[in-house]
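Marked as domain 'Beta-ketoacyl-[acyl-carrier-protein] synthase III N-terminal' by TrEMBL: 107-190. Annotation source TrEMBL lists active site at Cys113, His250, Asn280. Feature annotation from TrEMBL assigns domain 'Beta-ketoacyl-[acyl-carrier-protein] synthase III C-terminal' to 235-323. Among the features that TrEMBL reports, region 'ACP-binding' is placed at 251-255.
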Amino acid sequence: MIRSIVRGFGAALPKRVMTNSEIEGVVETSDEWIVQRTGIKQRYIAGEGETTASLGEAAARAALDNAGLTPDDIDLIILATSTPDNTFPATAVNIQNRLGMTHGFAFDMQAVCSGFVYAVSTADLYIRGGMAKRVLVIGSETFSRILDWKDRTTCVLFGDGAGALILEAGEGEGTSADRGVLTAQLRSDGSHKEKLYVDGGPSTTGTVGHLRMEGREVFKHAVGMITDVIEQAFEATGTTSDDLDWLVPHQANKRIIDGSAKKLNIDPEKVVITVDQHGNTSAASIPLALAVAAGDGRIKKGDLVMLEAMGGGFTWGAVLLRW
């Protein structure tokens, strides 16, 4: 049985760090208020010349170096982003060009904060279907450019950055002991569209628009939706939370992360948290967290790792993989 095995990982962050104390000078808020409600202490903000493509390229090159590969070894690039460089062409094609690739294919995937989970699932399908041997999966965002910096309920939450994984075809026995992606559970429900969205777009306003969110409504739905798909991932693989080595959640809000882990009886020591340093980087948050935890040696070969996310739409999902 073909499995999609993690071959390499990488990350990239803008140069500028914006602390909570700096945000106090932009909107009426405080470090204490932000930390207490979100767990966020700082975030990275893209500067001049730093784009979704440039950050994605840097994360991709870091992943290639980590894997000991070159761009020539990649068959497909999937970029999860809600902040593309242009309406078209796809920013993934821009990254493909920046990497010097003229072979293979590349496309963007838009599922907001769930984007990386959707992209890993899609990459797995291409690998298991025989259409690609190695897939570069990137999450890259510049959310600072769609924020309303007068809205303290949203501008304090988000940051910019990029992360990447390289998935490679490998042989497995078809059991949960296999390395690679074991299952993916994806969901969406468009009836929640107005709870988290951007109030602009080419076919509606002809503008980029700004992020709008009903924070309490998102929080109300998040824990239940996230825990449901995680439980379905366990059920699909015959595993339980006791078997899990690491939960790597979308880094939206520490309260949501803690609530989900508690409901699933997952030891807090098994939860990778980077929201304090990165803020919410949407589709980039999971690969950034993976790069931190794998880079410092916490996530090791053979570990059972759960990825989960929920984003605008609503979209939500989980991927269970063995590192």
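Every residue, even glycine, has its Cβ placed from backbone N, Cα and C.
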Let me know how many other Cβ atoms fall within 10 Å of the Cβ of Asn280 (active site).
23
I'd like the number of other C-beta atoms within 10 A of the C-beta of His250 (active site), please.
33
Sort the residues of the domain 'Beta-ketoacyl-[acyl-carrier-protein] synthase III C-terminal' (235-323) into helix, strand and coil with DSSP and give the three counts.
37 helix, 22 strand, 30 coil
Where does the mean pLDDT land for the domain 'Beta-ketoacyl-[acyl-carrier-protein] synthase III C-terminal' (235-323)?
98
Count up the helix, strand and coil residues in the domain 'Beta-ketoacyl-[acyl-carrier-protein] synthase III N-terminal' (107-190) according to DSSP, in that order.
26 helix, 34 strand, 24 coil
